[in-house]
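Asker: Before we start, here is the structure in question, set down as structure tokens.
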Amino acid sequence: MITGSLVALVTPMYPNGDIHWEDLDKLVDFHIENGTHGIVAVGTTGESATLDPEEHIRTIGHIIKRVNGRIPVIAGTGGNSTREAIELTTEAHKLGADACLLVVPYYNKPTQEGLYQHFKAIAEAVPGMSQILYNVPGRTACDMLNETVVRLADIPNIVGIKDATGNIPRGAELIEALDGRLAVYSGDDATAADLMLAGAKGNVSVTANVAPKAMAELCEAAIAGNEDETRRLNELLMPLNRKLFLEANPIPVKWALYRMGMIGEGIRLPLTPLSEKFHGEVEDALKASGVL
């Protein structure tokens, strides 16, 4: 089972939007050196929506090669087309990804039965790939209910779910209903500590991009049930957990990494660089959390 701090890695870019492969290598090494437990490649934070299929697969492969087995790599291979998701998942499996992250289909708003059949079809098409589901209704306009997740838990290679609802009572109910059949991961930095203390096995984190060591330590403490240490670290990171979402993710976190000297300012349209009026707030959060 993959556990701990799973960074939702940004995809660094040049000002013209081309991928900056050298900066990507630097980020991978930065995370391994600072204790990150796993990397999520080409998810929402990695700008999956604006990478073409060839770039998508190339980026996953590049990260897997750079990691070289040191920590798990989870490949973002979801989509709102089941056929496309199967194709991406198949390619990620060939490249050696340890698992894939499959977002609930967005925009076309399937029913709960449609969601079940979508994830079932991917699992059956790529039976050797461990699959982590991803429910983020704030982005997809489609909410996968706990009952559907419990039903999907019967499929052998579906091994987890990233819960980005931010609803702790609901997440705790899901953990109880699954009874260990799937690992539940937080997908919301601001509430991750509480969900892990309730039994979640890790956090797919935006904040970990800029504070990998502290986030890894928080996840370790929370999973171990050390509430005092979890609360201390959560308080330290809370300014980042809040300010990295002043504009749509990954806009603020890419600017934060730029401010840290880790990457350039490149981001792809329709996303634009962080509004200047928010620069001070993000910089203050970096300082408050001990990053700068």
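Even glycines carry a Cβ here, placed using N, Cα and C.
Given the structure is predicted, the values throughout are model-derived calculations rather than measurements.
OK, Swiss-Prot features for this one:
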SITE      Thr44  site 'Part of a proton relay during catalysis'
BINDING   Thr45, Val204  pyruvate binding site
SITE      Tyr107  site 'Part of a proton relay during catalysis'
ACT_SITE  Tyr134  active site, proton donor/acceptor
ACT_SITE  Lys162  active site, schiff-base intermediate with substrate
Asker: Using Cβ atoms only, which residues of the same chain lie under 8 Å from Tyr107 (site 'Part of a proton relay during catalysis') while being at least 6 residues apart in sequence?
Answerer: Asn80, Thr140, Ala141
Asker: When you put Tyr134 (active site, proton donor/acceptor) at the centre and draw a 10 Å sphere around its Cα, which of the recorded positions Thr44, Thr45, Lys162 have their Cα inside it?
Answerer: Lys162
Asker: At the level of the C-alpha atoms, what whole-angstrom distance separates Thr45 (pyruvate binding site) and Lys162 (active site, schiff-base intermediate with substrate)?
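Answerer: That separation, Cα to Cα, works out to 14 Å.
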Asker: Distance check, please: Cα of Thr44 (site 'Part of a proton relay during catalysis') against Cα of Val204 (pyruvate binding site), rounded to an integer number of angstrom.
Answerer: 11
Asker: Enumerate same-chain residues with a sequence separation of six or more from the residue listed as 'active site, schiff-base intermediate with substrate' and a Cβ-Cβ distance below 8 A; give 'none' if the list is empty.
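Answerer: Leu101, Ile132, Leu133, Tyr134, Asn135, Val136, Tyr185, Ser186, Gly187, Val204 - these are the non-local Cβ neighbours of the residue listed as 'active site, schiff-base intermediate with substrate', listed in sequence order.
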Asker: Including all protein chains displayed, how many Cβ atoms other than that of Thr45 (pyruvate binding site) lie within 10 Å of its Cβ?
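Answerer: I get 23 for this one.
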